[in-house]
Amino acid sequence: MPHNSFMKLRTTAYNRQGSSNTMGDFSRSEYVTVGEIDPPSPRTNHMNKVSVLPLVFLIFYEVSGGPFGVEDTVRAAGPLLALLGFLVFPFIWSVPEALITAEMGTMFPENGGYVVWVSSALGPFWGFQQGWMKWLSGVIDNALYPVLFLDYLKSAVPAVGSGLPRVVATWGLTIVLTYLNYRGLTIVGFVAVCIGIFSLLPFVVMGLLAIPDMEPSRWVETNLNNVDWNLYLNTLFWNLNYWDSISTLAGEVDNPKKTLPKGLFYALILVVFGYFFPLLIGTGAVPVKRESWTDGYFSDIAMIIGGVWLRWWLQAAAALSNMGMFVAEMSSDSFQLLGMADRGMLPEFFTKRSRYGTPLIGILFSASGVILLSWLSFQEIVAAENFLYCIGMILEFIAFILLKIKRPNASRPYKVPGGVTGAIIMCIPPTILICVVLAFSSLKVFVVSLVAMSIGLVLQPCLKFMEKKRWMKFSHSPELPNFEDGDVTHSLVQ
C-alpha cells in the first residue's frame with residue numbers, strides 16, 4: 001500500500017456451456033450455490049448492488065491507490081530492479097491471491113469473505129481468529145490514511161501539521177469519510193471511481209510531457225552490491241497485497257459469480273499499470289539519484305517535467321488517494337463484521353443495517369478503532385499490521401487447499417484450474433515470501449503481534465460463553481450453511 005507505509009483482493013442450477021473466464025475455467029457441472037435454496041431472509045439487502053466498474057476501483061483502493069509510496073523501491077535497489085519488481089512480483093503474490101479470492105468469493109458469495117473460507121475448512125474457532133486478525137489489520141491500516149492526508153495538506157495549510165488543529169482535523173476527516181461509508185457502497189464506489197481517475201490522470205499527462213526527455217539507458221541502471229533487500233521486498237509486498245479484502249463485500253456485488261472475477265482481473269491490470277508506468281516515466285525522464293527517491297519524490301519529478309501546476313495536481317491526487325483507500329478499507333472491515341454476525345460469530349446487533357443498506361454497528365466499531373489508533377506512530381503500527389496480515393494469509397492458503405480436498409464437488413462458479421496439485425504449487429511461492437517477510441520482523445513487532453493474536457484466542461471463548469448464558473443474542477442467517485454442524489455440503493452441492 002502506498003506512501004512508504006508498506007501499506008497501503010462476498011434454486012436454479014448454474015450451467016455454463018463450454019465457456020471460460022478471464023482468470024480460469026468455470027465449472028460446467030450443475031450445482032446449487034449458497035443462499036439459493038432457502039427463501040430470502042429479512043436480512044437480505046435490497047439496496048443497489050456494486051457493478052463491475054466501481055468494483056474495479058474499490059479493489060484498486062484496497063490494494064494500491066496509485067504509485068504514491070513506490071519510490072522506495074528505486075532508493076533501495078535502483079531503476080532496473082524497481083521496474084522488474086512491479087512486473088515479476090505480481091505473478092508471485094498478486095495473481096495467486098487474486099485467483100484464490102475469485103474462486104473462494106464465488107464459492108461463498110456472502111459478506112464475511114475469508115472468514116467464511118477458513119470457517120468452512122478449519123472450523124468456526126479458526127474462522128473467528130482469521131476475522132479478528134484481518135479486521136484488526138485493516139483498522140490499523142486505515143488509521144494511517146487521515147494522517148497521511150494531512151501530511152500532504154500541511155504544505156498548503158501549516159496549521160494542521162501538529163497540535164490541537166491536527167487532532168481536530170484527523171477526527172473531522174475520519175467522521176466525514178465514515179459518513180460516506182454510512183451512505184452506502186453505491187456512494188463509496190462512485191467516489192472511488194472519481195478519485196481514481198483524478199489520481200491517475202496527472203501521471204498520464206506527465207508521461208506525455210516527458211517523451212522528449214526520455215533516456216531508456218537509465219532504466220537498466222543497477223548495482224547488486226548496493227541493494228537494501230529488506231526495504232525493497234517490504235515495499236513491493238505492501239504495495240501489491242490485500243486482494244482478498246474485496247471478498248468481504250461479495251454479498252453486495254451484483255451477480256458476484258461473474259462480476260467478482262472480472263473485477264479482480266481488470267483491477268490487477270490497473271494496479272500493475274498504475275505502478276509500472278509512473279516508475280518508467282520517473283526513472284527515464286530525470287537523472288537517477290537513488291537517495292532522492294523517497295516519499296513524495298514524484299511531486300518533485302512533476303515539478304521538473306511540467307512545472308508548479310502539475311506538482312500541485314499530483315500532490316492533490318496523492319492526498320485524495322488516501323481518502324479513497326480509507327473508504328474502501330472501511331467498507332471491507334465493516335461488512336466483514338456483518339458477515340461474521342450472520343454466521344453467529346458476533347452478537348446479532350452487528351447485523352443491523354442502516355436505511356442505506358450499510359452495516360451500522362460495523363462502521364461505528366471500525367471508525368472507533370481508527371480514532372483510537374490514530375495517535376500511534378507510523379512505524380509502530382505498520383510493522384504489527386504486516387505480521388498479522390501474513391498469519392491471516394497462511395490460514396487462507398490452508399483453507400483454499402483443504403476445500404479443494406474436502407469438498408471437490410462444491411459449487412465453484414469460478415474455478416482455478418489445476419486441482420489440488422495446482423493449488424499447492426500456486427501457494428508455495430507466496431508462502432515462501434511470507435516466511436521471508438516474517439523473518440525480517442523485530443522482536444518488538446513479534447511480541448506486539450502475539451499479544452494482539454492472544455486477544456482473539458480469548459475473545460472467541462468469551463463470546464461463546466456469553467451466548468451460552470444468553471447474556472447476548474446470537475443468530476445464524478437461515479440462508480447460510482452451518483459450519484458448526486459440519487454439514488456444509490448439503491447447502492453447497494445439489
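Including glycine, each Cβ sits where the backbone N, Cα and C put it.
The transmembrane segment annotation in TrEMBL covers 50-70 (among others). Sequence-distant neighbours of the transmembrane segment (50-70) (same chain, 6+ residues past either end, Cβ-Cβ under 8 Å): 1-5, 7-9, 82, 86, 94, 185-186, 188-190, 192-193, 195-196, 199-200, 203, 235, 239-243, 245-246, 249, 252-254, 259-260, 262-264, 266-267, 270-271, 274-275, 278-279, 295-296, 298, 317-318, 321-322, 324-325, 327-329, 331-332.
Taken from TrEMBL, the feature transmembrane segment covers 76-93 (among others).
Marked as transmembrane segment by TrEMBL: 114-132 (among others).
Taken from TrEMBL, the feature transmembrane segment covers 152-180 (among others).
Long-range contacts of the transmembrane segment (187-211) within the same chain: residues 50-51, 53-55, 57-58, 60-61, 65-67, 180-181, 274, 277-278, 280-281, 284-285, 298, 301-302, 305-306, 310, 313-314, 316-318, 320-321, 323-324, 327-328, 331, each at least 6 residues beyond the stretch ends and with a Cβ under 8 Å from a Cβ of the stretch. Per TrEMBL, transmembrane segment is recorded for 187-211 (among others).
According to TrEMBL, the transmembrane segment annotation covers 231-251 (among others). Long-range contacts of the transmembrane segment (231-251) within its own chain (CB-CB distance under 8 A, at least 6 residues past either end) are made by residues 1-2, 4-10, 45, 50, 55, 58-59, 62-64, 69-70, 72-73, 75-77, 81, 85-86, 89-90, 93-94, 97-98, 100-101, 104-106, 108-115, 117, 138, 185, 260, 263-264, 268, 271, 275, 328-329, 331-333, 335-336, 339, 382, 386, 389, 393, 396, 433, 436-437, 440.
Look at TrEMBL and you will find 263-281 (among others) tagged as transmembrane segment. Note on the transmembrane segment (263-281): residues 9, 22-23, 52, 55-60, 63-64, 66-67, 70, 73-74, 79, 82-83, 86-87, 90, 94-95, 98, 101-102, 200, 203, 206-207, 210, 219, 239-240, 243, 246, 253, 298, 301, 305 of its chain, located 6 or more positions outside it, place their CB under 8 angstroms from a CB of the stretch.
For 301-320 (among others), the entry in TrEMBL reads transmembrane segment. Residues 3, 66, 68, 149, 152-153, 155, 195, 198-203, 205-206, 209-210, 213, 281-282, 285-286 of the same chain, all 6+ positions outside the transmembrane segment (301-320), place their C-beta atoms under 8 angstroms from a C-beta of that stretch.
The feature transmembrane segment is assigned by TrEMBL to 360-378 (among others).
The annotation transmembrane segment is assigned in TrEMBL to 384-405 (among others).
Sequence-distant neighbours of the transmembrane segment (417-439) (same chain, 6+ residues past either end, Cβ-Cβ under 8 Å): 24-25, 92-93, 96-97, 99, 233-234, 237, 386-387, 390, 393-394, 397, 400-401, 404-405. According to TrEMBL, the feature transmembrane segment maps to 417-439 (among others).
Annotated transmembrane segment per TrEMBL: 445-463 (among others), in sequence order.
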- Close approaches to the transmembrane segment (76-93) from elsewhere in its chain (Cβ under 8 angstroms; 6 or more beyond its ends): 70, 218-223, 226-229, 231-232, 235-237, 239-241, 268, 271-272, 275-276, 279-280, 283, 288, 290, 429-430, 433
- In terms of Cβ proximity under 8 Å, which residues at least six beyond the ends of the transmembrane segment (384-405) contact it? 6-7, 97, 100, 103-104, 107, 114, 117-118, 120-122, 126, 129-130, 133-134, 136-137, 140-141, 234, 237-238, 241-242, 244, 419-420, 423-424, 427, 430-431, 434, 437-438, 441, 445-446, 448-449, 452-453
